[in-house]
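Copied over from Swiss-Prot, here are the features:
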- His130, His134, His140: Zn(2+) binding site (BINDING)
Amino acid sequence: MYIEIVDETGLVSEEIIKQTQDILEFAAQKTGKEKKEMAVTFVTNERSHELNLEYRDTDRPTDVISLEYKPELDIAVDEEDLLNHPELAEMLDDFDAYIGELFISVDKAREQAEEYGHSFKREMGFLAVHGFLHINGYDHYTPEEEAEMFGLQEEILTAYGLTRE
């Protein structure tokens with residue numbers, strides 16, 4: 001998985017940047033998204049507030065904003081064409097590679113790590129996986145959706161070795 005990571009805050013250690021890269025690659029492998037691309041930007045609460053207002057019409061900062069990329073137009077291709085022209089299938093895979101972008105508030109992550117009694121490292125990993133699942137179509141509006149998403153989230157974090165401390 002290709003992941004572009006930008007730290008707008010200048011406050012995120014190389015260790016956390018590497019962990020973010022590694023855990024997202026691990027989550028991609030667990031969910032069959034290894035050939036996808038995404039971006040992660042670490043932001044302040046102030047920037048998170050601006051983005052939350054712009055994209056979600058919510059007037060407060062939040063921990064992670066997940067912007068799933070959905071092309072405006074579907075590309076319709078005959079299945080027989082894909083079988084007869086494997087290069088076309090490969091080209092479509094490349095075209096459809098970008099899945100979205102996460103904005104993780106470093107300030108919120110620190111606040112929540114303290115509030116929940118676990119490490120900043122664990123909270124940053126949690127937010128990366130949580131956002132990753134959102135841009136891959138998971139949500140938690142209903143009890144059923146929540147059970148599915150949170151179950152997979154915990155499975156990924158535990159298998160990666162990032163448990164609640």
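Yeah, the Cβs are placed from backbone N, Cα and C, and that goes for glycine too.
Counting only same-chain residues at least 6 apart in sequence, those with a Cβ under 8 Å from the Cβ of His140 (Zn(2+) binding site) are Glu146, Met149, Phe150. For His130 (Zn(2+) binding site), the number of other Cβ atoms no farther than 10 Å from its own Cβ, over all displayed protein chains, is 22.
His134 (Zn(2+) binding site) counts 19 other C-beta atoms within 10 Å of its own C-beta, drawing on all protein chains shown.
The record gives His130, His134, His140 for Zn(2+). Within 8 Å of the mean position of their Cβ atoms, the other Cβ atoms in that chain belong to Ser66, Gly131, Leu133, Tyr138, Asp139, Met149, Gln153. The secondary structure of His140 (Zn(2+) binding site), as reduced to three states from DSSP, is coil rather than helix or strand.
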